[in-house]
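For reference, the structure discussed in these notes is given below.
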Amino acid sequence: MDSVLRQSKAVCPFMKKATASSLRAMTTAARPAASPCGGAISKLQVLAHRCPVMGKAMAVQSARTGGRASAAPASFVHKAKLHTGRPREAQAVEGVFTGQKAGLPPHPPVKPTTATAANPSPAACTVSGNFGTKFNYEKFYENELEKKHKDKSYRYFNNINRLAKDFPRAHMATKEEKVAVWCANDYLGMGRNKHVLEAMHTTLDEYGAGAGGTRNISGHNKHAVELENSLAKLHATDAALVFSSCYVANDATLATLGSKLPDCVILSDSLNHASMIQGIRHSGAKKIIFKHNDVEDLEKKLAALPLHIPKIIAFESVYSMCGSIGPIEKFCDLAEKYGAITFNDEVHAVGMYGPHGAGVAEHLDWEAHQRGETKGTIADRIDIYSGTLGKAYGCVGGYIAGSAKLVDTIRSLAPGFIFTTTLPPAVMAGARAAIEYQMSYDGDRRLQQLHTRAVKEALADRDIPVIPNPSHIIPILVGNAELAKKASDKLLNDHQIYVQSINYPTVPVGQERLRITPTPGHTKQFRDHLVAALDSIWTELGIKRTSDWAAEGGFIGVGEAEAEPVAPLWTDEQLGIADAVAELRAQASDEKKGVINQLLESVALEQEREALNAAEEVADAAKAAAASA
């Protein structure tokens, strides 16, 4: 620097008069506030631009480099750092699903010319002028979609319009095309429950369509407060917080906690939902994957971590694609032993399990919760619940529930909550009505469980392979993406039955399936129609039956000779059918027909829908009596 200054002072009259220290000061000083120049320049550069000699030289230099400079990324001053913008990302998962590592779909190799066009070097992207061609965005989209078509994982949407007055039927593009829907997540038919609809109609008429803003600005209202109070009551927690969906609830909560807790490590079940995986990734926290429902594997990973660092064990209670149920009590034991907190996603369980519909954690201590004794139960040991206002509750939205300080932390820090318009008042009123209804009446979930058992029995009689599980999910194994799609299409086109095929990436390649979800409305005529159609299609397409899988040694629980029978989570005693089942079995009745199918045909349960409607009338009367009191 000193040698440059000496040379400059010998040439420039201005610099001859200036001292070396003043010149150095001008090179580090910021430009004047009124300077019109772009970028950060020194006072010396400003003066040089005014010089008749240096000004011309700098103009030439600026013209030569201007193209590259204008294409360079802009530098933003005072850029806010959100927790989702951390430079460190969660470690990538090798296989989200069991067996995924060896089961990726075979994508066609990309030709070198295609790779060059689709993945240009950074220089090619930033240099303007005649330095290559512009990026072909439409071609990129086309290539990505072509991959999906070739590996048979491209998704087609069916036009399904569910009919509130003809549940569980729907019409397709035209009202004349009626189909029976067997794969909806409105598990209990609450989307057409009269109490829910009345609450929504009344609220809509009085308060209008939208909430009018975020919770912080104009969108906080009595409907949100009442709904969150009902959710906190459901889970016996201090507080709850409502989100626009459970995807957002999971993403926002895990991202916020993982980024804010110092040196946090999140231990995640290998089959966790995409929303949880995304939230962990957004958190930037270290992520450790443990084998699905494997308590021993989880403990090994916990034991290897320092006791003092924050840890979150993230899992689901019911896994929607296979129907398995998490070992919640054992996870709580490990959390307490190793200083972790638990994050329990009850999305597919709320409304479906437990005396009050609070989920699997409540169901595991049935008698205690029936008595209202929640202290010390498994449910009481959970730190964070997440759940949905859709599915069993028939509306839309998601939530978390937990301690008051936890909920307030997420409320105050999570962008996914802060910057989203509040759910419409009518939706929140309907969701609250559904929650309160299911807390006081268990007839829907009991009938749903009976219908689930009946379908599983009937499919077993036809040698149709159901992946064993203790829940309300009925995953029928196909094992081939193309066959799964064909089976779904034939059900729809030939039998007017809608069951969506489930392919990669939702499930691993080779484990493609049809997923059936019975409801209280799927009575005998619907069941018989479904089972006969599946039997016919399995024969027509040559899809493997349970005996075929058994001949090959079994696969993911289907046809495995030494596999233990899987008992339903709902016991006969909890369903109130223990005596009737014992009597039927003692009579040595028709085993091929299945005990539950016989039970549903018996005099006691012959009028299923009438009994359900009568129970609703009783609930109405109780509600009216409570209001008058």
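Glycine too: its Cβ is placed from the backbone N, Cα and C atoms.
Source: prediction; values computed, not measured.
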Legend entry - Record-annotated pyridoxal 5'-phosphate site (Swiss-Prot): member among Ser283, Ser320, Ser488 besides His348, Thr388, Thr420, Thr421: Ser320
Legend entry - Per Swiss-Prot, member of Lys134, Lys175, Lys287, Lys486 binding substrate alongside Arg155, Ser268, Thr506: Lys287
Inset, instruction - Output the one of Ser268, Ser320, Thr388, Thr420, Thr506 that, of all these binding-site residues, has the highest number of other Cβ atoms within 10 Å of its Cβ. - result: Thr388
Inset, instruction - Please give the greatest C-alpha separation between any two of the substrate-binding residues Arg155, Ser268, Lys287, Thr506, in angstrom, as a whole number. - result: 30
Legend entry - Neighbours of Ser268 (substrate binding site) among the binding-site residues Ser320, Thr388, Thr420 (Cα to Cα, within 10 Å): none
Legend entry - Conformational class of Thr506 (substrate binding site) under the three-state DSSP mapping: coil
Legend entry - Where Thr421 (pyridoxal 5'-phosphate binding site) falls in three-state DSSP terms: strand
Inset, instruction - Report the nearest neighbour of Thr506 (substrate binding site) in space among the binding-site residues Ser320, Thr388, Thr420, Thr421, comparing Cα positions. - result: Ser320
Legend entry - Thr388 (pyridoxal 5'-phosphate binding site) to Lys287 (substrate binding site) - Cα separation in whole Å: 25
Legend entry - When distances run from the Cα of Arg155 (substrate binding site) to each of the recorded positions Ser320, His348, Lys391, the nearest one: Ser320
Inset, instruction - Please report how many Å separate the Cα atom of His348 (pyridoxal 5'-phosphate binding site) from that of Lys287 (substrate binding site), as a whole number. - result: 24
